[in-house]
Amino acid sequence: MLPLVILATFLKPALAARAFLNEPDTGIDRTVGDIGVGILPDLTDMVSLPDFDFAARNYLPALNYTYYRQAAGGEGSYRNNLEIFGNYRFLPRQMQDVTALNSTLPTTILGYNFSLPFFIAPASRAAYGHPKAEAGLVEAAGREGILYARSQFATLSINEVHALKAPGQVLFQQFYRAPTLEEDQANLDSIAAVGAKAVILTVDTNSYGSRQRGLRYGFDRTENRGYRNVTWEYYHTLRNMTSLPIVLKGIQNVRDAQAAVDNGVAAIYLSNHGGRQLETSPSALEVAHDIYVNAPDIYKQIEVYADGGVRYGSDILKLMAFGVRAVGLARPFMYANIYGVEGVQRAIQLLRNELSRDASNLGLADIKALNTSWIQTTRSSWVGFI
Ligand SMILES: Cc1cc2nc3c(=O)[nH]c(=O)nc-3n(C[C@H](O)[C@H](O)[C@H](O)COP(=O)(O)O)c2cc1C
Ligand SMILES: *[C@@H]1O[C@H](CO)[C@@H](O)[C@H](O)[C@H]1NC(C)=O
Ligand SMILES: *[C@@H]1O[C@H](CO)[C@@H](O)[C@H](O)[C@H]1NC(C)=O
Ligand SMILES: *[C@@H]1O[C@H](CO)[C@@H](O)[C@H](O)[C@H]1NC(C)=O
Ligand SMILES: *[C@@H]1O[C@H](CO)[C@@H](O)[C@H](O)[C@H]1NC(C)=O
Ligand SMILES: *[C@@H]1O[C@H](CO)[C@@H](O)[C@H](O)[C@H]1NC(C)=O
Ligand SMILES: *[C@@H]1O[C@H](CO)[C@@H](O)[C@H](O)[C@H]1NC(C)=O
């Protein structure tokens, strides 16, 4: 029998906070060679989405990288977004004919055809990563047939981005409430005029988030403009101001999801803004799970999209298993854009490859057959919020 005080000494390391790795160690530091500010590793050295984070962190000036990387508070939501996927186990099946799986990857989003069930989420200021700014995003999305949703605060204007569309390419446009309805109307009119196919109204940003990492570099958009007043009444006002479908982005609660159905919303987009808004807000995967448990019909009544911390093909499958139709990623594509269009295209291809490999190893013959029978819907060990 060990004396208690000795036992306590052994227990101590187990109780200490576990180290958080922004990217899991898969050995990139051993292959990229010389790396530092202004030195871009070979694109062929990028074999996964987290590799682009490593490349961007080393290549970009600290201010530029921090703009993309920053998140709210102690960044618990940011970390949880990444780590929560590890708490859900797959229930793989063997002896399945998966050989036609690839033909099932294309999907529709609000009725528009896309080659894959993931998309480029709206993120502002691509010029922090590449001189051609959003050109890399819209062009790579066009080449690969996926959706790109332009941020209202993109570097390139809405007209510049739409001028870069491939023939038939569909873009959605993210939207924040402006100080006056006249400005809102002008924004909506230019969105319709360029031919964007949907408005994504962001509802999780009454204030700019408390982003410590960014404050160190002067990124602060509070500017005492007062709180944004985004209510159901505002939604209905906006609904009357455009004929485009309106998607609500930033839904984090099953009751708001239900209210969206009750208010006749076209689609909802589960998101905590990449952990950039409210510290300890839930990840989209947790919200998707809550909706599944408490109001599963929502997935049949309305299209549901989700983003936050998605880095692997397997992450996409878990969100889709709960009923999510399409999954967004922001930072990975912003980091990949340090290589311009070729980098973003490679990121899309790497993720498509993972998605198809992971779905096939799960035993899925048809990605549309994903449901909760493919995952454990009780979480395993809890590792989030360290
Ligand atoms: C640099 C950056 C800028 C963003 N800008 C916007 C924006 O203008 N509008 C918006 O609705 N969401 C914005 N987001 C949030 C993303 O659309 C998305 O919800 C989130 O980043 C997804 O998490 P991920 O970065 O882990 O993929 C931004 C995110 C980042 C990283
Ligand atoms: C989407 O693809 C289907 C066939 O795969 C086609 O019939 C349909 O016209 C396409 N829709 C659009 C809007 O392009
Ligand atoms: C960093 O951001 C600034 C401001 O957008 C931009 O002028 C500069 O080119 C960026 N640096 C790199 C390496 O992209
Ligand atoms: C905020 O919007 C609601 C309805 O959308 C309105 O009733 C309220 O007066 C607005 N608040 C302010 C301060 O304008
Ligand atoms: C929307 O427009 C309809 C028809 O013009 C009108 O009856 C309704 O009151 C309007 N709603 C809002 C919130 O503006
Ligand atoms: C399925 O698609 C992936 C990704 O594009 C590709 O690498 C793979 O070869 C395809 N597999 C089959 C069996 O077609
Ligand atoms: C999942 O889908 C299969 C059919 O593809 C169905 O038999 C099964 O009941 C579904 N399971 C759940 C939990 O919805």
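The backbone N, Cα and C atoms fix where each Cβ goes, and this holds for glycine too.
The signal peptide annotation in TrEMBL covers 1-16.
Residues or ranges marked as domain 'FMN hydroxy acid dehydrogenase' by TrEMBL: 41-380.
Residue environment of Thr202 (FMN binding site) contains 22 other Cβ atoms, counted within 10 Å of its Cβ in all protein chains. Summarising the annotation, TrEMBL assigns FMN binding site to Ser151, Gln173, Thr202, Lys249, Ser271, Asp307, Gly308, Gly309, Val310, Arg311.
Residues or ranges marked as active site, proton acceptor by TrEMBL: His273. Counting Cβ atoms from all protein chains shown, His273 (active site, proton acceptor) has 23 others lying within 10 Å of its own Cβ.
On a Cα basis, His273 (active site, proton acceptor) lies 12 Å away from Ser151 (FMN binding site). Among the binding-site residues Thr202, Gly308, Val310, the ones whose Cα sits within 10 Å of the Cα of His273 (active site, proton acceptor) are Thr202, Gly308, in sequence order. In sequence order, Ala121, Asp204, Lys249, Gly250, Ile251, Gln252, Ala284, Ala306, Asp307, Gly308, Gly328 make up the list of same-chain residues 6 or more apart from Ser271 (FMN binding site) whose Cβ falls under 8 Å from its Cβ. With all protein chains in the displayed structure included, the most crowded Cβ environment within 10 Å among the binding-site residues Ser151, Gly308, Val310 is that of Gly308.
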